[in-house]
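I have a structure here, written as structure tokens, and I will follow up with some questions on it.
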Ligand code: MD6
Ligand code: FE
């Protein structure tokens, strides 16, 4: 028998890392469902394709985005917000697949947030070099609900800061199958993603997907 010594995913064991009083990394939580999740992402992107949005300041975001659920996150010259109609297609966002909703609910519950009922899932797609600058997630009307964030594909370095932009950040490596859950007093902490290093994932290719589930409406 040959042990998969070169395959990080195959060696990943479920475990929990504590980032704050109400913020946790659930290592490998989504690993055994990853190919099903990728299939669902493809289904969503076939209806509402990934696109590069513009920030209110006029910059093009490096990660390409789409959404599913009753609401989708958009950014343009008018600001950041959630809308029920995809501006690219003129139609409602694709429904949130049950498999995605169930995974988010299970991850939230195992981090201590019972009855998480997300109404939106933002699907970010990063290529090597893409990044996400330090930000707070505060466009959601329900800031009591946590956020569940699923990483698939090539690894990324997540920056996790404080409630003020000026506070120091720590670096957390997020790999294929990892899930971050945060809420409560950690809900408004600044965070971001460093530019992705060139890499190639055996299942996903030279890409990273990040799914973030929230209660936005
Ligand atoms: C990303 N994530 O991982 C970007 N936001 O690609 C986020 O911006 C994020 O992972 C809120 C909660 C969890 C996250
Ligand atoms: Fe965020």
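Each residue, glycine too, has its Cβ placed from N, Cα and C.
When I checked TrEMBL for this same protein, it listed these features:
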DOMAIN    117-217  domain 'Fe2OG dioxygenase'
BINDING   135, 137, 191  Fe cation binding site
If you count, for each of the binding-site residues 135, 137, 191, the other Cβ atoms lying within 10 Å of its Cβ, which residue has the minimum?
135
Identify all same-chain residues not among 135, 137, 191 whose C-beta atom falls within 8 angstroms of the centroid of the Fe cation site's C-beta atoms; report them in sequence order.
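Apart from the listed residues, the neighbours are 132, 134, 136, 189, 190, 192.
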As a test of reading the model: what is the averaged pLDDT for the domain 'Fe2OG dioxygenase' (117-217)?
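Averaging the confidence scores along the domain 'Fe2OG dioxygenase' (117-217) gives 96.
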Sort residue 137 (Fe cation binding site) into helix, strand or coil using the DSSP assignment.
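For residue 137 (Fe cation binding site) - judged by DSSP and reduced to three states - the answer is coil.
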